[in-house]
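Copied over from TrEMBL:
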- 6-21: transmembrane segment (TRANSMEM)
- 33-52: transmembrane segment (TRANSMEM)
- 103-126: transmembrane segment (TRANSMEM)
- 146-165: transmembrane segment (TRANSMEM)
- 177-201: transmembrane segment (TRANSMEM)
- 224-251: coiled coil (COILED)
- 378-396: transmembrane segment (TRANSMEM)
- 425-446: transmembrane segment (TRANSMEM)
- 466-489: transmembrane segment (TRANSMEM)
- 523-542: transmembrane segment (TRANSMEM)
- 576-669: region 'Disordered' (REGION)
- 582-617: compositional bias 'Basic and acidic residues' (COMPBIAS)
- 618-634: compositional bias 'Polar residues' (COMPBIAS)
- 635-644: compositional bias 'Basic and acidic residues' (COMPBIAS)
- 658-669: compositional bias 'Acidic residues' (COMPBIAS)
């Protein structure tokens, strides 16, 4: 089993990162380099989180071997036995041979740092650039990142001058490397505590509120009102941009030198706009440089950038609106089915996507009713209590992990108890649950936050390239300080435990932080205590209230603006529900009419044609009977057609447009 656990986790984490990237990114439309760079960044960060518990168990076993070798001992099979105390050092099932982990951590760490500080920022500017050639995009990316790179060089130079001026330090390559790592981890730890303080409170609270049906439905109405405003704004912005594209397309003719740039812009436009602009083209006209003023290539690049952004935003809001409608309809169905006497879940609308037959076989309407109406609320409440307990333990440990005598950090207590019995499975499970919970609190906040339209991770393949690359940067900067913080909570870091023991392979790659004592003994220890203040602020929703005062509408139960938006969203959902019901009723009537009268109408026409071709020797009485029969049948068929065309329904006074002219309606019929 030596190294097998490492190989299995490497494969599993790759598919996990690939699944998440497929959910948020679009493999078909986005550039391959963007997908590969984001996948590599996510993969390396998730890999660090999953492999670190194996490093801890291997380090504990190596410490045991060192203790055994320093005293009289005898070898006994797969373990070593201390002669005086009969202590046994069992080799863990996931033991990784010596020399593998240092190389592994060195490759993973420095690759992630290269991505987050050099490659991904450059690719962000490259992907957002509106240039029409590779050279133009590279030039734009270099100019935009000049200030960015200069700032980091200034910070690193400040650390370098501090070490050079201090007479106690002798500048060496290892110390310079440690200074660079300390600068990166300091920036990451600053952001880490902010995100962690929000996630420790918001994740348990969101699961507790998930058990409240009324709460979720009201919040969905609130989201619908906000999303409709954003959707209308996106449509208006797209119309304005398309109008500019149309003017540019009409002014720059086919033989203009910049026509290739215009064609590139037109390819990024939606299909309906491309067809509309294609019909209005007068390419037979030559351009006259003396009569018209033409846009420059720089202005076309800016227009190209605006087109990419507006089309992406418009498509994202359209998809999100449909998803939100399905969610609102489902929550309304849950509220109706809670009082059902048959205990079978009934949907208002059938699913538009074909369901899996295996899921349909096991997830019957009865099972769905018991899960949605009875079990799911209680499951969410129990899960919220468990997550809240973890959050309290994390907050307590963050405030007390620097204490070694006595050991107050609960995570350190758990690991040290398991270390005495060398229960490696328990050690790995405890470490994995601890770092996994910390990662969920931090990473989920990265997925939730939205910085206007600058950064936003939208599911269902609606995230743009800029946001994907930005998320990869954040993950690569947050993961190393997150792991160091975890090792400090469990006292596996010698800087915290103040013990002369063998460090983990991950800590050895980071180097000794004693080079910068004010960071190792000050910032790294006392700054995480700030998480208490952030948790209190998140619990009382201070950030939400501040944003609400600044004019950014946030969901708050005691706000008048929130109530107005809930009512508006409820009306929007009701209108969309009526629209979909009318569509389904119309489709059902057409289907029924086709099944009942489609074949009969064809046979009636064939009979009428056959009757006209008969000889005139038939008697009048024998000719009138079938004629009256066909007349009645045709009359009934015609009436059915008129009813379908009229689509008789109650008037919707909330509809967008109502026809007030009955004559126009009659003429249409």
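Using N, Cα and C of the backbone, Cβ positions are placed for all residues, glycine too.
Just so it is clear, the model here is predicted, and its values are computed rather than measured.
Using the rule of three or more Cβ pairs under 8 Å, pairs at least 6 apart in sequence, the transmembrane segment (523-542) is not in contact with the transmembrane segment (146-165).
Counting only same-chain residues 6+ beyond the ends of the transmembrane segment (378-396), those with a CB under 8 A from a CB of the stretch are 196, 200-201, 203-205, 207-208, 210-211, 408-411, 437-438, 441, 489, 531-532, 535.
Simply put, out of 6-21, 146-165, 466-489, 466-489 has the most Cβ pairs sitting under 8 Å from the transmembrane segment (425-446).
Mean model confidence for the coiled coil (224-251) is a pLDDT of 93.
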